[in-house]
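> Below, the features straight out of TrEMBL:
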type: TRANSMEM; residues: A:49-68; note: transmembrane segment
type: TRANSMEM; residues: A:80-99; note: transmembrane segment
type: TRANSMEM; residues: A:140-158; note: transmembrane segment
type: TRANSMEM; residues: A:187-204; note: transmembrane segment
type: TRANSMEM; residues: A:240-258; note: transmembrane segment
type: TRANSMEM; residues: A:278-300; note: transmembrane segment
type: TRANSMEM; residues: A:393-417; note: transmembrane segment
type: TRANSMEM; residues: A:453-475; note: transmembrane segment
2 protein chains.
Amino acid sequence: MSHAAATLMRAARPMVVAGTLGLLLLVLAALSAVPAIVSLVLGDTGLEWRLFGVAALELLLGTLLVRLPRPDDIQWNEALAVTGLAFLLAAGAMVWPLMGNEIGALDAWFEAVSGVTTTGLTTLRDMAERPAGFLFLRAWMQWYGGLGIAVLTVALIMRHHASGRRLLETTGESLTHASARDHARRVLLVYLGLTGLAVFGVWMSGLAPFQALLHGLAAVATGGFAASDRNIAPLPPVSVAVLSAICLAAAVSLPLYAQLWRKGPRALLGEPDVRALIASAVVTAALLALIGVTLDGVAWPRALADGLVQSISAQTDTGFSTVDIAALPAASQLVLIVSMTIGGCTGSTAGGIKLIRLLILIRLVQLALRRTAVSERAVLGANVGTARIEPDAVAAALQLLGLWALVLILSWFVFLLHGVAPLASLFEVASATANAGLSAGLTGPDLAPLLKVVLSVDMLLGRVEILALLVLLYYPTWFGRRRAS
Amino acid sequence: MSHAAATLMRAARPMVVAGTLGLLLLVLAALSAVPAIVSLVLGDTGLEWRLFGVAALELLLGTLLVRLPRPDDIQWNEALAVTGLAFLLAAGAMVWPLMGNEIGALDAWFEAVSGVTTTGLTTLRDMAERPAGFLFLRAWMQWYGGLGIAVLTVALIMRHHASGRRLLETTGESLTHASARDHARRVLLVYLGLTGLAVFGVWMSGLAPFQALLHGLAAVATGGFAASDRNIAPLPPVSVAVLSAICLAAAVSLPLYAQLWRKGPRALLGEPDVRALIASAVVTAALLALIGVTLDGVAWPRALADGLVQSISAQTDTGFSTVDIAALPAASQLVLIVSMTIGGCTGSTAGGIKLIRLLILIRLVQLALRRTAVSERAVLGANVGTARIEPDAVAAALQLLGLWALVLILSWFVFLLHGVAPLASLFEVASATANAGLSAGLTGPDLAPLLKVVLSVDMLLGRVEILALLVLLYYPTWFGRRRAS
Ligand SMILES: [K+]
Ligand SMILES: [K+]
């Protein structure tokens, strides 16, 4: 780094980070009170008082911290640090309440991380025998985890990040603090609306109201927790179809829904990454069906139906499943690994590397081929849809792809050191990092403790696209010159 | 694509491609005559006359085609098409001669591709019983394959490609046709010099002259064919050490050696990717040794020695081995997969994605972290060594990384469809694509024919960094407006 650049660097202001976290703690206190009340009403023992205790602590801490100054000009490292810490805090706060359901500390941590990151992997069994309040808490963690992703990213990161700013600009607004706040409010309304539709739709499909609530919350957050050890396999086919539709809707950039009344279906179907989402899900389903028919002798209609459910679940990184993934042919598991890792659309609760990066990659390859046929002095540009691919977006895509590969390889390496089956290991690691939640059978009570830790770290890293957690470990984030706060 | 860009596009001129291939055929004729004479002297039956036949055919065709016009201003798509076709031609020409040694057509094709791409995978067994002329032919194919990579890339591609041009510019020359030719001549001299040193060094290490020749040629080309089914495991430790040193030397950008007399050791050790080569090999060796000691109970000195030999072989994509890779722990195999895929330095005979792309990636991550701490209006740049990372290099790295991942995933998918073991499949596919040649035991006479085809395609794709073969399949390369030739 040059000296000139070094003098431009500003460490994060601890007071600003703490103050913003204080506001967040107040929100978390309100969010923690909901399952506490539900548990109280449904008559659980142990869970509700722990939840009230956590809510009270969050309220106390939040009230203290929120008095700290929160200037309008929050720095990017501060925004990223708050995002990283928010997920750590939200998960950490639920460990002790979850332990009230006779769960060890590590499994409670795993479940909490899996919940707030909307991953949906679980090391717990006998889910059908667990109390209703506990099941609600799991669904609720996913729901507000999804809310966090949808709203926090807009409110904190987008106005600091060039590509995020462009997302705001597509709605025709200028980039003021107020407009980012409006935008976050609009996303919140979309999320609430989708949630209402989801729960109502699942209820109409024939599930009991409480089951509809559990699955509707898990679907709209692309979370994937279910109320059975066989995931959603026991649900009637109509409910499975409705849930799949909700997952697909939730994997689309949420701000687009705010344009539906003005632009009509074009608001969604005109977007390249929405089309890519549908195309990827269809290709994945076709591959799964083809493998099922040829290698496993499944009949075509069944193979197509199963293929579509699993492919939508993988592509949207929801993690619902109606078949035993561990029993699928190795080739099908590889297809799912790729689908989960690519993931859904930016601005949604879906995980993975995101389809926009795949589109950028495809355009760059097309551009490279086209360039072979023109004089190198001719300047060619590439677009995704109507948006020009800027050098910054290319660098960001390469950096994310590289970091993602590094996380997968390192995590896989630890699994292999433990002597676990290679493909199932890669599947589990890819699923956790993409916040997908499908499991090839390794994630369960018997998974080695270190591997549970690895998967929980993967879930957190994937959820914040790695950078927000790296920022927490980056020395200049905390040490160096800072502005007066 | 915009209309303006389309009108700038120029299809390749078939006469120019054919004329350049004519020149290449004349070189191939001379190169084919060498093993023919060696076989004649050593007294093989069958092989020598087939080789003379091929040489004669190449001479005839070359003489006819070389009369076609070869303008100085060869287009980039023409240069890439020639490169892609050159490897197909060079491999194809050796199929019939190889079949003279009682080898089926597919195995002969596999061996020829493995040879000219300097990969070193082989489906043949009983190597110790094969005639000397046959062993020489294999070593020779690798040697001139390496020559082709070193010289062709400079002569044809580099002056058309921005990053290649920069490589030329580091030697302080301007970009004329003549300087590119000078440059190619210099690389040729370096390659010949290294070859002489290699053969002499291996001979001095205690091998018989003919064995020294076989292994010296395979090492300098980072080829990896050996004269035993146990690869170089039967060789004395001193010879193994000398071979490792040669591989390391051959994985360094060859033009740098031309600066040795002027700059001293700094010409090599001052280069970021040479330092990265050494660092990667050391890290890989340490990981292999650590796993060997902890999981397999190997003693430290032995584990370090084995680790170093296998790591240098993997990092330089040579493919020599002194241990049974299939018997290594899964974690060690993953380490080798990563090492092979990263590979050596640009401008050498090594394969893989190349270390410079890893360095670009590391710098981009550093830059992304640094940017979180500065105002986004501040412009930060990133360097590798003294060279600035241009947006084009970032786009090229992303495009190569994406295509490489696609090739690995598709090939792995075909292997998994055949029910082959997952990790060994990935190892074989990664090794072939990186032109490394280490094998986890799948590549042999019993490998399914389709999988032999997949690996041979992988070797060709990896050798030309994918694009040069894609260009052959790209419609506008052959159809559309073209300049008068
Ligand atoms: K999920
Ligand atoms: K090799």
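Every residue gets a Cβ built from N, Cα and C, even glycine.
Remember, TrEMBL labels are computer predictions, not curated facts.
Walk me through where these features lie, including what they touch and how far apart they are.
Taking Cβ pairs closer than 8 Å, the transmembrane segment (A:49-68) reaches residues 15-16, 18-19, 21-26, 28-30, 32-33, 35-36, 39, 93-94, 96-97, 99-100, 137 in its own chain, all 6 or more past its ends.
Here the transmembrane segment (A:240-258) has Cβ contacts under 8 Å with residues 146, 150, 154, 167, 171, 183, 186-187, 189-191, 193-194, 197-198, 201-202, 204-205, 215-216, 219-222, 232, 267-268, 271, 273-274, 277-278, 281, 308-309, 312-313, 315-318, 320, 322, 343-350 of the same chain, all six or more residues outside its ends.
Tertiary proximity for the transmembrane segment (A:278-300) is limited to same-chain residues at least six positions away from its ends with a CB under 8 Å from its CB atoms, namely 248, 306-308, 310-312, 314-316, 328-329, 331-332, 335-336, 339, 342, 355, 358.
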> Among A:80-99, A:187-204, A:393-417, point out the range having the most Cβ pairs under 8 angstroms from the transmembrane segment (A:453-475).
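Out of the listed stretches, A:80-99 contacts the transmembrane segment (A:453-475) most.
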